[in-house]
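Visitor: Quick one: the structure is below, and I'll ask about it shortly.
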Amino acid sequence: MLEDPLALARLQFAFTAATHYMFVALTLGLAPYILFTQFVAVLRGDRSRMLSVRFWGGLYLVNYGMGVLSGLVMELQLALNWSGIQETFGYTFAAPLAIETMTAFFIESTFLGLWIFGWDRMGRWAHLFCFLVVSLTAYGSAWWVLVSNGFLRHPVGFEMVDGVAHLTDPMALVTNPAAVLAFLHVVTGAMTVGALVVAAVSAYHLRRGRDEHGIFRRGIRYSAIMMCVMPMLVVSFGGAQFQIFGQDPPTSGLTYTAEEIATIEASGGGGLVAVANLTGDVVMMTSWAVMFFLGPLIPLFLPLLSARRGRWGRRLGLAPGPELFSRPPARWIRWALAPLLVSPALPYLASIGGWVYRETNRQPWVVVHHLTTADAMTPMSPAAALASFTFFTLAFTVLAVVTYTLLFRYARRGPEGGPLAERRADAGPGADEPAAPVHTF
Amino acid sequence: MDLLSVPSPSALLLALFVVGYLVLAGADVGLGMLMPHVARSPEQRRRVVASIAPYFLASEVWLVAAVGVMAGMFPELEHLVVARLWPVLVVLLAGWLLRDAGLWFRARVDTPRWRGLCDTAIVAGSWTLAVSWGLAVAGLLSGGLSPSPFPVLCTITVVCLFALRGAAFGAERLVGPFEAESADVAARATRSLARFALGATIATVLAAPWSGGPSPTSLGAAVTLAVVLAAALALTCGLIGPMFSRHTSALAIAVPGLLVASTAGLPTSGLPGTTAVFVWSMLLPVVPVMLLGQVWLYRMTRRPAKGATFFA
Ligand code: HDD
Ligand code: HEM
Ligand code: HEM
């Protein structure tokens, strides 16, 4: 396999895409929560909620960094390794990506910079506005990427002019069911990723009885709501996607005749790809089933974590009163919270499984009924393919491991030790005064 | 046909993103290259990274946008660029990854070894980027890379322009409360870099007609741009020195981008109307937001942050 550039390029794409999606899913899942918390914090001038924004925001940024690094590789890789798609479908497949780079990434990164550097330099509402823009553009970015990806799965809205696809119907492109349903399914799936990551981090700190600011009680409350609602939506939008299965795209026949398509499909596929396809499907649905049944259990924690100690609370020796949150809770509560610690594995597995399922479903086509995977690849020598594959796989593994190590580390340290935590002007009195005049050129 | 000979709005957009990238990212990439030279102590190195940090994200998106526009609106051009420059672009991507990883990770672990490692990644990545850009410009101008003097000289020139832009940026941003040496070192470097770049430019121009050099589609444009470049560099090394180097270095580094756009004979024909309407109708409503973000960020961070930030 290592001498086959096609296999290498496919594996490389699958690996980088899966890595990219691991980080992107958390971005999409965490952004609304941070936005909501910051909104309430600004509205009420609530310091403890602002600490919460700084805490989750720190995790968001560490995660975002790797999202950007892997995204850059995705973008360039599509151009470098898959120029066959560009050649024929540039005006259709890549046009939404062009829109995305300008209307989403460009704005997202700029406003994220404003958000990072604006904590002490702009008004509270302006700062909130920056994160609003960041969240909206993150979703905009997911939308346009999925318009592109949906086009591969179910190509619509173009005609063939001298072997190049010319867009005829932009509306068809943006109302493509393979894009719209995928977007809704991806977004709701990403919300489960965000909710269970919040739940896991919160459970970790509640088990240690460290929640002076209520950050983690609120976290559990959030994930309780989300995990009751989202799995239902995920399965509805996922199930709806089956309608595309077995359907020929409306443009079928523009490139190949029905007989040619049948021949290509008969000769391709099978083997490893079929195994991956089935595995992806089973993993996604199993994880969903577990989440579906576990989700409604999370609200059971809410009374345990309520700051008001009811009659039952007193009798069971659990709840709290404010003092509880600076001391570990009863042993059985700690055990009850333990499963949440590993719960994020479920939506992550489901997401990767879902993507493997979708992408391998398409084989042997890159653009269904128009372009085969083999024809889409840039011609390259086996040595070049191997070198690029080795470098990017190694680099990605290292970067992903470092990022996850950091995420775990900051998640454990809690609100005081995060990368966005407020740094005290610790040098005692007089520390605020500038030590010397600052020249500007 | 040239990108800018009959400028369609879409071609102008692409040229704008590339030139914008060179001018804005040139500053933070160039300063990354010069880090070993301008920063000796750990605190100085921290300050170099702190001056790069607010901008690198906001400037690299210009290139991401350029790649997007090229793929969606000029697929033929993209095909040609990839075919000519595949190895260069892979190396460029690797350098980009390395540099960004260093920037994102630097402040995350509080040990000198880790910071040293990340600083190395930043410096090595910045150099890799500049050299790859030099090779890319040479390859596009002369229709492919060949082992002859022109590509080498052209690459050296572009690398110098990046470094000069970084030095000008450093001279302005590294001024601080205690130690102004970094800023002074950078300011002095603008002179010598400009001299060196001027020499390299002249050598490149002399080499152009014979050694694997370009055959510009518009000789007039090529000559004009070369003169602009030489004049900008001459001003920086002689008359006005570091003071206006911020502007002259920006002008200088824009020239390679403009040269490629207007004289390299790149194919830009045939953007079908529907795609153009589709992309532009999505793009126009957000242009104000794009501008607002960039201008706001550059204005807000004109003065360095007081304390430590996320990056350094
Ligand atoms: C938390 C994540 C998650 C969960 C719990 C599920 N999925 Fe999913 N699924 C995804 C995350 C995901 C995904 C990663 O987001 C995919 C990949 C591409 C896409 O559109 O969404 C996907 C793809 C995807 C596809 C598209 C395949 C294609 O287009 O070829 C179908 C039909 C389903 N899913 C169906 C389901 C069903 C019936 C589920 C419940 C039993 C389910 N998914 C749970
Ligand atoms: C982010 C999550 C994604 C994952 C995990 C993923 C996974 C995969 C996998 C497993 C393959 C290999 C299929 C095979 O060889 O049988 C593949 C190929 C590919 N995917 Fe994706 N994909 C993702 C998103 C996307 C998106 C959003 C696009 C386009 C916008 C895309 C475009 C492609 C292309 C062009 C190939 C190469 C050709 C092929 O083998 O089909 N992918 N991807
Ligand atoms: C399901 C598939 C995808 C989704 C949902 C998605 C979404 C996102 C999001 C939300 C970001 C912001 C960074 C972050 O938050 O981590 C991002 C970054 C990025 N993605 Fe993707 N993406 C997907 C696939 C792709 C593909 C196929 C490409 C390549 C064409 C790509 C290219 C990029 C680039 C270049 C960035 C960095 C942009 C920047 O500098 O901010 N992504 N993506």
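Cβ atoms here come from the backbone N, Cα and C positions, even for glycine.
Quick caveat, the model's predicted, so the values are computed rather than measured.
Marked as compositional bias 'Low complexity' by TrEMBL: A:427-441. The feature region 'Disordered' is assigned by TrEMBL to A:419-441. Sequence annotations record features per position, and here TrEMBL assigns transmembrane segment to A:20-43, A:55-73, A:93-118, A:125-146, A:178-201, A:222-244, A:282-305, A:335-357, A:383-407.
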Visitor: Sort out the residues at least 6 away from either end of the transmembrane segment (A:20-43), same chain, that have Cβ-Cβ distances under 8 Å to it, and list them.
Guide: 49-50, 52-53, 56-57, 59-60, 63-64, 66-67, 70-71, 73-74, 124-125, 127-128, 131-132, 134-135, 138-139, 142, 186-187, 189-195, 197-198, 218, 222, 347-348, 351-352, 355, 400, 403
Visitor: For the transmembrane segment (A:282-305), which partner among A:125-146, A:178-201, A:335-357 gives the most CB pairs under 8 Å?
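Guide: Maximum Cβ contact count belongs to A:335-357.
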Visitor: Sequence-remote contacts (6 or more beyond its ends) of the transmembrane segment (A:55-73), Cβ cut-off under 8 Å?
Guide: 16, 19-20, 23-24, 26-27, 30-31, 33-34, 37, 105, 109, 112, 115-116, 198, 201, 215, 392, 396, 399-400, 403, 406-407, 410-411, 414-415, 418-421
Visitor: Under 8 angstroms, Cβ to Cβ: which one of A:93-118, A:178-201, A:222-244 has the largest number of such pairs with the transmembrane segment (A:335-357)?
Guide: A:178-201
